[in-house]
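According to TrEMBL, the features are:
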type: DOMAIN; residues: B:70-250; note: domain 'ABC transmembrane type-1'
type: TRANSMEM; residues: B:21-40; note: transmembrane segment
type: TRANSMEM; residues: B:77-99; note: transmembrane segment
type: TRANSMEM; residues: B:111-130; note: transmembrane segment
type: TRANSMEM; residues: B:136-155; note: transmembrane segment
type: TRANSMEM; residues: B:225-246; note: transmembrane segment
C-alpha cells in the first residue's frame, strides 16, 4: 500500500495554563489517504483546531510527528491550503486580488495568474463580484472567495477549519453542496473540521470523532454513501443511521479523566 | 419658493437632510459668532471690528507680507511634518515587528513623549543656531512623537488570522510585511498623522513666536509690540483656516486609502 497523504503519529500538544498543563492533544494518530475527504467532529476543547494548525504548520506539536507526503511538517507550505472560519480575506484587496495573492507570492506570471484566478472565481460562482471588495460580500460569498483563493495555489491538501461555522443554516447547506461539487470536479485531500454532525456525515468518506480532556480520537466512522450526494441523501435512512451513530459518539462520551478543578 | 424647498427636502434621503440641517446650523453659528464679535467691538471693547481685520488682511495680501509669512510657515510645517511622519512610520514598524527594537526604542519614546516639543526649543536653539533647522527639528519631533505610537499600535494589532492566511499562501516574512502588515496598519498610521499634523502646526506657531524672522507667529509677535490688534487677528484666523484645510485634506486622503474598512 502506498504511503498515506497525511500521517499523524502520536501527536501531542501540551500548553501550560497557569501552573498546570493543558493537554490539547494527547497522543493522536491518524492516516488520511490521497483524495480522501475526512471530517473531524468533536466538542469544543477536543483539540481539533490544534490538530489542523499542526498540519498547516502554524503550530508545532510538543510530541510525535505529523507527516505530509512522508515528510515532516516544518511550517506552512503552498501544497497545503487552509480555509479559516473567519474567512481571513485581505479586506484591502478585491476578490480577484485575493485569489491572486498566493500565485503572486509564487511568482506565477501575470497572464497565467489572471487566467487561473478567472477560472477559480468562476468555479465558486463569484464572476460578477471579481472586482468587489470583501466588505461588500455576504458571509457565504466571502467564504467562497476564500475557497477560490486556497484552490488557486493548487494545493494537494485542503485544511478547512469550521469554514461554514459562522453562516446561517441555509447558506451552510448550499455551500456544503457546492464544496462537494467543486471537490468532485477537482479532487484534493480534504480535512474538514466542524462541530456540526450533519455536516460531518454529509461531506465525508470518513468521520473522525474526537473527545476532550485530553484531546483524543474516540472513534473513526466510515461513511460509505456514494457521491454525488444531494438533498435526498440527507433524508435517507442510511444517512440518518450514520448521523445517529456519529451523534451518539460525539455527545455521549465518557470522560477519561475528570476535569481538574 | 417655499413650496419648491419643501419638495426638495421631502425628496432628499434622511441622511442628506440631516447633513443639510447640520450645515445650516454651522453657517448660523459662524454668522452669529462674527455678529457678537462685531457687537463687542462696537460696544467699546478693545477689539478691532471684523471690517478692520478684513482691511488689515487685504493690505497684508496686497503688500505680499501675508503670502511670505504663510509660505514661510507652511514650508516649515510641511518639512517637519513630512520628515516626522516618515521617521515615525519606519520606527513604528520596526518596533512593532522586532521585539528587540521595541525594547530599545520604547523607554526613549515614552520619555520624550512627556516633554512638550517646545520645551526642547532652548536647547535646540543653542545646539543648532537660529536658522531654519531648529524650528524644523522641533516640528519634526512633535509630528514624530504623535505618530510613532499609533503606527506601532497598528503593527502590533494586525489580525493574527490575516498573517496566518498570508503564510499558508506561501508568503515569507518580507511579503507578509509589505502586503499584509503595511496595508492593515494604514488606518492607524493615518490617525497618527492627523494627530501629528495638529501637533506640528501648534508647535510651529509657538516656535515662530520665540525665534523667527518670518512666518505667521513672527508677524503676530512683532504686531504685539506695536499694539497692532488687527494684524494679530489676521494671523490667528489664517492659522486656524490653514490648520483646518490641512486636516481636511489629510482626512480626505485617509478616507480614500482606507475605503476598504468594514465599518464604513
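Just so you know, glycine gets a Cβ as well, placed from its N, Cα and C.
In TrEMBL, annotation is done automatically, which means it is predicted and not curated.
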Exercise. Between the transmembrane segment (B:136-155) and the transmembrane segment (B:77-99), do 3 or more CB pairs sit under 8 angstroms, pairs being 6 or more residues apart?
Worked result: yes
For this session: Take the transmembrane segment (B:111-130) and find every residue of the same chain, 6 or more past its ends, with a Cβ under 8 Å from one of its Cβ atoms.
Result: 137-139, 141-142, 145, 149, 199, 203, 206-207, 210-211
Seminar exercise, completed: Beyond a gap of at least 6 residues from its ends, the CB atoms lying under 8 Å from the transmembrane segment (B:225-246) belong to 46-48, 52-53, 55-57, 60, 66, 69-70, 73-74, 197-198, 201, 205, 216-217, 219
